[in-house]
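J.: Dumping the structure here so I can ask a few things about it.
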Amino acid sequence: MAKGGFVLAILALVAVQCYAGDPSPVQDFCVGDLNSEIFVNGLPCKNPKLATPDDFFFSGLDKPGNTENKVGFNVTLVNAARLPGLNTFGISIARLDYAPYGLNPPHTHPRGTEVLTVLEGTLLVGFISSSPNNKLFLKTLHPGDVFIFPVGLIHFQFNVGDSPAVAIAGLSSQNPGLIVIADALFDSNPPIPDDVLEKALQVDKEIIEALKAQHKV
C-alpha cells in the first residue's frame, strides 16, 4: 500500500473510533423477548409478526409510589424489562414520588443521562462534577421546572416542602443502571473491608461500624 493510502486508512479508522456509538436500529422495532434464554447486550427480539399494541404500552404512572420507608422516596421505573417495546431505543422513563422532606439519596446512573421534570412540590436538586473540581450544581425546582443530571455523575433530589412531591424523569438508556452511594459503601456483598473505608473516609472504625449497622436497620 502506498504511504498516502496507509495514512488515509489510519485516519478512517480513527474517525470510526471517534464517532462510534450505540448502533441505530436496523428495523422498525425490536420488542424485547422477556422469556428468551439467550443472553445478549439488551434483550433479544421477539418475532415482529407476533408484536401487539400491548408490547408498546404501560399503565400505572398515574399511581403514587409507596414512600413509607427510611428516606421517604419511591421510584416507578419503566424500562425495557417492563415495557418490551422500548428495547433498542435507548430510552426509559420513571415516576418519582417524595414524602414531605423525602430524599432520593446521592446516586449515579452509569449508563444514562437523566432529564427531570417536577410536576408537584418543591425539590432541591443537585449533581457533582468529576474530580478534581467536584463542583456542586444546586438548584431549587418548582412545578414545570426541568433539570439535567449528566450520565454517571452523583446526583440527588430532596423534597424541601411539607407536602408530597412528584416528578417524571426521562433517561437516555433502556437500562440506565443505579448505584446508590451509601448502599455501595456500607452494604456491598461481600463488605468493603473496614480498613479501606476508614482510610477513604478518614474516620475511626467505630464510626464505620455504626454507619454499617445504621444502614442495615
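For all residues, glycine too, the Cβ spot is worked out from N, Cα and C.
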J.: Looking at TrEMBL, which one of Cys18, Cys45 makes a disulfide with Cys30?
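T.: TrEMBL says the disulfide from Cys30 goes to Cys45.
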J.: Sequence order is fine: just name those recorded positions in Cys30, Cys45, His155 with a Cα within 10 angstroms of Asn104 (oxalate binding site).
T.: His155
J.: Given the disulfide-bonded residues Cys30, Cys45, and counting only Cβ atoms in the protein chains shown, which has the most within 10 Å of its Cβ?
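T.: Ranked by Cβ atoms within 10 Å, first place goes to Cys30.
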J.: Long-range same-chain neighbours of His155 (Mn(2+) binding site), Cβ under 8 Å, sequence gap at least 6?
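T.: Listed in sequence order, they are Pro106, His107, Thr108, Glu114, Val125, Gly126, Phe127, Ile128, Phe149.
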J.: Let's check the environment of Asn104 (oxalate binding site): how many other CB atoms sit within 10 Å of its CB?
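T.: Other Cβ atoms found within 10 Å: 24.
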J.: Per-residue pLDDT averaged over the domain 'Cupin type-1' (59-209) comes to what?
T.: 96
J.: Whole-number Å only: compute the distance from the Cα of Cys30 (disulfide bond) to the Cα of His109 (oxalate binding site).
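T.: Rounded to a whole number, the Cα-Cα distance is 24 Å.
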